[in-house]
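Features of the protein shown, as given by TrEMBL:
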DOMAIN    33-81  domain 'NLE'
REPEAT    144-185  repeat 'WD'
REPEAT    186-217  repeat 'WD'
REPEAT    229-278  repeat 'WD'
REPEAT    279-319  repeat 'WD'
REPEAT    408-449  repeat 'WD'
REPEAT    450-485  repeat 'WD'
REPEAT    492-520  repeat 'WD'
Amino acid sequence: MATLLPPPKRQKSNYAKSLEKPVIVEAENIPSIVVQFKSSEDGSNLGPAINLPADTGRDALQMLVNKLRGETEDPLPYAFHLVPKTPSTSTSPQSARVQINNSIQLDALKVSGTTFSPEDVFELWCEPQAVFRVRSVGRCSATLSGHSSPILCCAHSPTGKYAATGSGDATARIWDMETGTPKSTLSGHKGWVLCVEWDSRENILATGGHDGQVRLWVPSTGQPHGQPLLGHTKWITSLAFEPLHLVPSNSPSPRLASASKDGTVRIWNTSTRKLEFVLTGHAASVNVVRWGGEGVIYTGSSDRTVKVWSAVDGKLIRTLNEHAHWVNTMALSTDFVLRTGPFDHVGKVPKDDDEAKALALARYKNVISTHPETLITGSDDHTLYLWPDQASSSFSSTATPKKPMARLTGHQKQVNHVAFSPDGRMIASAGFDNAVKIWEGRTGKFIASLRGHVAAVYRVAWSADSRMLVSASKDTTLKLWNLKTYKIRIDLPGHTDEVYCVDFVADKVVSGGRDKTVKM
């Protein structure tokens, strides 16, 4: 007998609220300040100095800057900071900058020991947050046939040069994205190819099959990278490579985690192709595995639990059991950075492995500097849970890592897929209830529901600048959503049957489905 939850408290109606006595707040006097916006790129002034109330919020400041720059059509997000003045008498070096998260009043004037006073002219430095913008996807530029049965999975390489697809015809194929042509066919599996995964240097492609084998390939030649990795007794459900910045400098390539229906996760050394250790402990199929940037491995399983393991020795750190049904999907807020490794939107190619590691580490540090790595899990119990950072909380005493930060309810049916936006600010989840829902990435608060699909939504994928979302559905369409209005931006028809997989890179979307064709 399932436990019945008590009905939620009734919200007060507006009429009842209007009868309540208004609470009179003592108004503190807000000083008026003079603000000079400066561009952090070249140090130039953005327009004249402006007189503002000191409690002007960050959103209003962003609006002002966009107005000054004439970016009203598609405003850019900005981060603001002040550089404190050092009195001429003091010998201390230039103090650190003050980040403005709420308003100048709260972050600069109200802080104890502040050097700011309302009389100053505040030089507010503006940093654009999204430095680049992804072109909108409009038409189907290529339809590639070649697979002889439905396409079950697809993944972009970190640079976006290639896409890999795995199919029910027991082959995986690599496609060249720039020319829209087939590059190589990887055959060797004895059954369906259920998952494909790139390492973040684009040197190895791993495929997992229904035959319980994990195979490694060299993408540039399409040749097998040594013998297949054998050991699983049932089919492979999910693969994850070790993040580049965690790979020890003496090892030539990252390790690989493979999750299987047999309830185990195996960690392989991809250069020697030896098994390093097996994570056992799940009582049923492991549906998804993720390798976090802090050296922990997350696994979600049909035994209704999520387990957190140490990637060093494979010890179980803790088990998260809140879900009431199978755990189908999970995502890390750092997924995008870990997946693309050293390659960012500038397109610079690292010279050697060490530089690549340094770049990958810098990008990762940049992402977690604002918010630690968080985990979101989605399940057949129609809910999602947002979990706090699982790695560092073993060192800090305040957070209780076993408690989820939020329970995200709203889906009417099973949750199929969940993905964090690359900047970690939003989460998109797709379900069998035909809806895509958008949540806040930090708090898990519900933002919007994207309606438009007429059948179950299988997958969602974000654009690299976190401005667009594409979803793939059983109703044979892909839909591109506008995240300012939460309406359909463009419908991408063309498939003749269910679309099983989709991935978004640069300004291209790759999709594959039951009609055996890849479209981009």
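Just so you know, glycine gets a Cβ as well, placed from its N, Cα and C.
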Could you check if the repeat 'WD' (492-520) is in contact with the repeat 'WD' (229-278), meaning 3+ Cβ pairs under 8 Å among residue pairs at least 6 apart in sequence? no
Sort out the residues at least 6 away from either end of the repeat 'WD' (279-319), same chain, that have Cβ-Cβ distances under 8 Å to it, and list them. 234, 237-243, 245-246, 255, 257-267, 325-332, 334-335, 337-338, 364, 368, 373, 375, 377, 379, 387, 389-392, 394, 401-402
Report the DSSP secondary-structure composition of the repeat 'WD' (144-185) as helix, strand and coil residue counts. 0 helix, 25 strand, 17 coil
